[in-house]
Amino acid sequence: MAFKPDDSKIEEPHATQVEWLADAQNATSQEHDMTLRSALRRYPKAALWSLAMSSTIIMEGYDTMLMGNLYAQPAFQRRYGVHVEGDSYEIPSAWQAGLGNGSACGQLIGLLLAGYVSERFGFRKTMMLGLSAITGLIFITFFAPSLAVLEVGQILFGIPLGLFQTTPIVYASEISPVCLRPYLTNYINFCWAIGHLIGSGILRGALQIEGQWAYRVPFAIQWFWPSILIPILFFAPESPWWLVRQGKFEAAKQVLQRIASAGDVTLDLDKHVALMVVTTEHERIVNAETSYLACFEGIDMQRTLIVIGIYCVQTLSGNPLRGYATYFMKQAGFPSDQAFNLTIINYSLALIGGFVSWSLLPLFGRRTIYVWSLAMMLILMVLIGALGVPQAQSSNTAYSWAIGVFLIISSFLYNAGMGPLTNTLCCEIPSTLLRSKSIVLARWSYTITAIIANAITPYQLNPTAWNWGAKTGFFWAGGCLISVVFAYFFVPEPKGRTSAEMDILFEKRISPRHFAEAEVDLVEAIAGDDKKM
């Protein structure tokens, strides 16, 4: 596994491999010594551009909660529903399921495209392409004359949303230094919560509108995001790591110069480019392929399976049940017309949880926060299931109140712990060459599990179906237990590690539980590989 840079592409005079490795080691040391404050002072523009790119997730968060909440809107029901009795209309359950999963099916297509498109054209152009497509596709849902046209619109709309699910995450991890990476990838979860919060507020306000505009206004607001983001992203810098993978070393250096503070005389851009080149070339020697199949070859298979597991844990840990806090509050006598208000409160707590997550990052490792938050959610799911036993045989509304509160607390723990760390861990564990495709496969797997889970959860709760009620908590407690075991034995600690160091730790078959204390000498590790060749 020797490192041999392509001399034909070297634009700066690095005479020997030793000099490349020395520069890479020097850049690694600088990354380790950089504090959060110094990173923000040195790379303020990197943080801002990452935040701008991630803001596309706000639009996705808005869209994912929009359709499901329109089913109960009277104006939407009268336009697209069937007459049931009196003046009542209802969207047929089959169409509700179809519309709910339509966007998800489109996202599966978009996710598979994302891995190829982003590596072929770059992250900036990929995002602009997706936003441009969305601008046109909104017309389908806005003017849809029937449920069938709405379904087509949802499927097509889901394709560019699939691009947004992975591209901003990878971009955030590649444009930022190591110490900023967890905060910027963590921010993705903020954007989801912000999108949900905005959507809840708009739908709450739309209840006061009569006629077709009650549902058309929420659809029309989707045009706001592309109109703002396309001009912004037009000026965004490309990922320097992507430029290095294309052999454009000088362009990568120019991007680093652009996102760094102008007055920073201590920053040696050549050394940071050297670290990217060394890492990329080393990974190409380990696995020259960059296809989806390559994600399951050699040591990359372990890394890919870990990332898939981390994403699927979001479902296994009880996410489908956490969304039913309002359902149990209604059972406890909570007024139906206040349901939107409770939803807004829940999403506000999700934002607060995100700030708590940021405050925990400098104090604890990613793995520590991840495992302990899952363990606490396991306890809550057991308590919810236990409360469901007496609730099923009693008319006391206190049980429903307690269950609803525990679900809200569980949602808060999710957003303060393992939820936002999912994106951080999934960016840091794969190799840089296969990062986009590994995250695509992980997100694809998550979407499949979410579709299945969202389909069975109503049956678990519905009195006319399986009638488990809150005892469903026991089912998801089992999922939480599996998640805790998986996290403890298989999720490594990437805190403070560069991509090259993560490569070496995996290649040396270090146990994921011992990544934190393992020592890595970049020059010695790669030079040692040279001697073996």
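From the backbone N, Cα and C atoms, a Cβ is placed for every residue, glycine too.
Note that the coordinates shown come from a computational prediction; the quantities given were computed from them, not determined experimentally.
Now, the feature entries from TrEMBL:
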DOMAIN    49-495  domain 'Major facilitator superfamily (MFS) profile'
TRANSMEM  129-149  transmembrane segment
TRANSMEM  155-172  transmembrane segment
TRANSMEM  184-203  transmembrane segment
TRANSMEM  223-244  transmembrane segment
TRANSMEM  305-324  transmembrane segment
TRANSMEM  344-364  transmembrane segment
TRANSMEM  371-392  transmembrane segment
TRANSMEM  398-417  transmembrane segment
TRANSMEM  438-461  transmembrane segment
TRANSMEM  473-491  transmembrane segment
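Only sequence-distant pairs (6 or more apart) were considered; of these, fewer than three Cβ pairs between the transmembrane segment (438-461) and the transmembrane segment (184-203) are under 8 A, so the stretches are not in contact.
Contacts between the transmembrane segment (305-324) and the transmembrane segment (371-392): present, as 3 or more C-beta pairs lie under 8 angstroms, all at sequence separation of six or more. Highest Cβ pair count under 8 Å relative to the transmembrane segment (184-203), across stretches 129-149, 155-172, 344-364, 371-392, 398-417: 344-364.
For the transmembrane segment (129-149), same-chain residues at least 6 beyond its ends with a Cβ under 8 Å from one of its own Cβ atoms are 56, 59, 80, 91, 95, 99, 110, 117, 121, 156-157, 159-161, 163-164, 167, 216, 219-220, 222-223, 225-227, 229-230, 233.
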